[in-house]
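**Q** Here's a structure for you.
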Amino acid sequence: MSKIRVHEYAKKHNISSKDLMTKLKEMNIEVSNHMTMLDDEVVNKLDNEYQAEKPSVADEFEVEEKVVRSKKNSNKKKKKGKGNEDKRQENFAGRQQTQTVETPDKITFSGSLTVGDLAKKLSKEPSEIIKKLFMLGIMATINQDLDKDTIELIANDYGIEVEEEVIVSETEFETFIDEQDDEENLKERPAVVTIMGHVDHGKTTLLDSIRNSKVTAGEAGGITQHIGAYQVELNDKKITFLDTPGHAAFTTMRARGAQVTDITIIVVAADDGVMPQTVEAINHAKAAGVPIIVAVNKMDKPAANPDRVMQELTEYELVPEAWGGDTIFVPISAIQGEGIDNLLEMILLISEVEEYKANPNRYATGTVIEAQLDKGKGTIATLLVQNGTLRVGDPIVVGTSFGRVRAMVSDIGRRVKVAGPSTPVEITGLNEVPQAGDRFMAFADEKKARQIGESRAQEALLAQRGEKSKLSLEDLFQQIQEGDVKEINLIVKADVQGSVEAMAASLRKIDVEGVKVKIIHTGVGAITESDIILASASNAIVIGFNVRPDVNAKRTAELENVDIRLHRIIYKVIEEIEAAMQGMLDPEFEEKVIGQAEVRQTFKVTKVGTIAGCYVTDGKITRDSGVRIIRDGVVIFEGQLDTLKRFKDDVKEVAQNYECGITIERYNDLKEGDIIEAYIMEEVKR
């Protein structure tokens with residue numbers, strides 16, 4: 001008999017991998033994960049164990065009979081009791097009325113209470129409370145608001161404890177959108193999967209192959225509507241795939257605080273190996289903290305070498321299970337549809353072990369996958385429901401937009417009325433187009449949804465989206481002191497691989513006040529827009545060694561407020577990071593020439609010195625600028641302006657093509673033909 005894996009045995013005997021692993025531990029048999037091999041001896045032990053637990057047919061029949069009998073009895077009891085139910089309720093209500101109202105031990109309130117409200121909560125007459133307030137020197141009417149201190153004073157007089165409830169504003173629903181539900185309300189949901197990888201390694205082909213071979217039963221041959229996400233079914237279990245365009249969308253969502261993906265599939269071509277975008281995808285997935293499955297594609301090619309792919313990926317801490325690691329590698333051929341079932345089974349296996357759950361019995365919350373404006377339908381948004389159930393007609397707030405769900409379309413183009421957890425749907429009915437990554441929440445009341453949506457839109461105008469504080473070396477020390485930073489994320493780019501490794505190794509050794517450096521991505525070549533997007537999503541600082549950012553990277557860094565540091569000497573990088581962490585980073589200044597003036601004539605004045613009659617030939621000369629005197633192309637003096645005049649008046653600046661009078665501090669040897677160059681020192685944005 002050949003060896004069998006844990007998950008294969010579980011599948012064969014119709015039990016979950018998790019239950020089987022628990023059983024093995026009870027039997028004192030160590031297994032590391034669901035891919036562990038079981039030998040013949042262990043398999044025999046398990047067979048005996050499960051055989052012993054299995055009830056006989058007679059037992060099963062007896063149990064079933066008891067259940068049926070108990071159901072019948074309960075129905076009889078219900079019938080008997082039905083006639084007297086109203087009488088019992090009347091008697092109970094009567095008894096309640098005759099009972100005296102007891103004083104509570106504790107009351108709760110939020111904000112303030114009126115005298116009448118406080119009297120109700122304390123089970124007292126309002127006149128009694130007014131009398132007590134009068135005794136305290138407070139003249140109050142029944143509708144007058146009382147502050148927290150007064151409420152506590154009155155309640156304490158009756159020996160009643162007071163608790164103030166802090167109400168979280170529903171406008172900021174992101175703060176409580178991810179609150180954990182009670183365990184008994186949670187039910188299994190499909191896993192949400194994102195496919196990433198290098199260009200031309202077969203991401204799109206894999207998505208198409210999965211979609212075409214595994215559309216839900218009855219939909220084969222139907223036109224699949226592209227809504228940015230879709231579901232497939234295998235063994236009566238669903239999997240949701242996000243068809244996000246590239247890594248940028250993935251990180252943009254993460255930058256907005258939306259964690260939509262449960263599992264990431266990294267596609268690597270067997271004939272091409274690990275490429276720059278593959279590494280990028282790995283770092284994006286690691287930064288998101290989700291399980292990774294490696295799909296080794298193009299196995300049908302003659303040059304396919306899966307061992308090489310495995311070897312290369314071990315450098316990025318993705319060690320295959322066959323080599324003692326815990327990363328699942330699945331060989332596939334997307335174009336021929338080979339290995340697709342195995343890949344989907346691995347996704348279901350991870351789902352089973354991770355136990356992805358949500359509460360379907362609440363108002364829906366989730367994330368926008370994509371959105372657009374359609375001429376005929378208006379605003380169309382693809383939403384991924386992450387918790388709760390979304391229904392047609394639900395009032396909804398999406399980012400800063402709001403509305404009522406007018407219509408819902410599934411990934412196969414069918415109109416649906418409800419969408420549960422992990423279901424992607426396209427909706428209409430919003431007042432404006434939201435952004436990918438915006439969170440949404442359904443509400444019971446349309447008026448409330450409108451009010452919250454308008455408030456959020458107003459707040460967004462006051463504080464522009466994306467202006468959240470990004471980590472920079474200037475404020476690093478302050479953030480460390482305030483306890484905001486426990487780990488510094490860095491992205492390292494250099495001109496050669498040797499420099500990358502040397503710099504990363506040196507940076508990892510830095511440890512100041514328990515704050516450590518974490519390198520989230522390294523690479524060779526110019527700093528790209530993709531690096532900046534990853535830095536923005538992960539709140540990281542980008543360090544370039546002998547490389548520069550390209551035009552798009554510069555523009556994106558300015559928009560996202562990402563700190564880029566460029567260096568030519570490794571120890572300077574280390575010194576700068578350490579200095580920043582210790583709060584000793586000095587600001588860096590850069591000289592900027594703002595203008596030049598030519599000396600046309602000189603005048604010697606007693607007690608004043610030499611006055612130069614000048615003509616501004618370029619830019620401008622300002623009163624607070626530094627100056628240098630240039631004679632025959634050589635700088636002969638550097639200092640400060642003493643006076644700057646137009647005719648007899650002191651002025652702050654003189655523009656190009658105007659004349660002026662200039663005196664220089666502690667320098668009188670000015671001659672006709674000298675050039676006075678004005679400059680200022682500007683702090684460099686690092």
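Using N, Cα and C of the backbone, Cβ positions are placed for all residues, glycine too.
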**Q** Looking at the ranges 25-28, 141-144, 233-236, 297-300, which is given as region 'G4' in Swiss-Prot?
**A** 297-300
**Q** Match it up for me: which of 32-36, 182-186, 222-226, 422-426 does Swiss-Prot list as region 'G2'?
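**A** It is 222-226 that Swiss-Prot describes as region 'G2'.
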**Q** Looking at the region 'G1' (197-204) alone, can you tell me the average pLDDT?
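**A** The average pLDDT of the model in the region 'G1' (197-204) works out to 79.
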**Q** What same-chain residues, at least 6 away in sequence, bring their CB to under 8 Å of the CB of LYS203 (GTP binding site)?
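**A** Listed in sequence order, they are ILE195, MET196, GLY197, VAL267.
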**Q** Counting by DSSP secondary structure, give me helix, strand and coil numbers for the region 'G1' (197-204).
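**A** The region 'G1' (197-204) comes out at 2 helix, 1 strand, 5 coil.
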**Q** For the region 'G4' (297-300), jot down how many residues DSSP puts in helix, in strand and in coil.
**A** 0 helix, 1 strand, 3 coil
**Q** Taking every protein chain in this structure into account, which of the binding-site residues GLY197, ASP200, MET299 has the most other Cβ atoms within 10 Å of its Cβ?
**A** GLY197
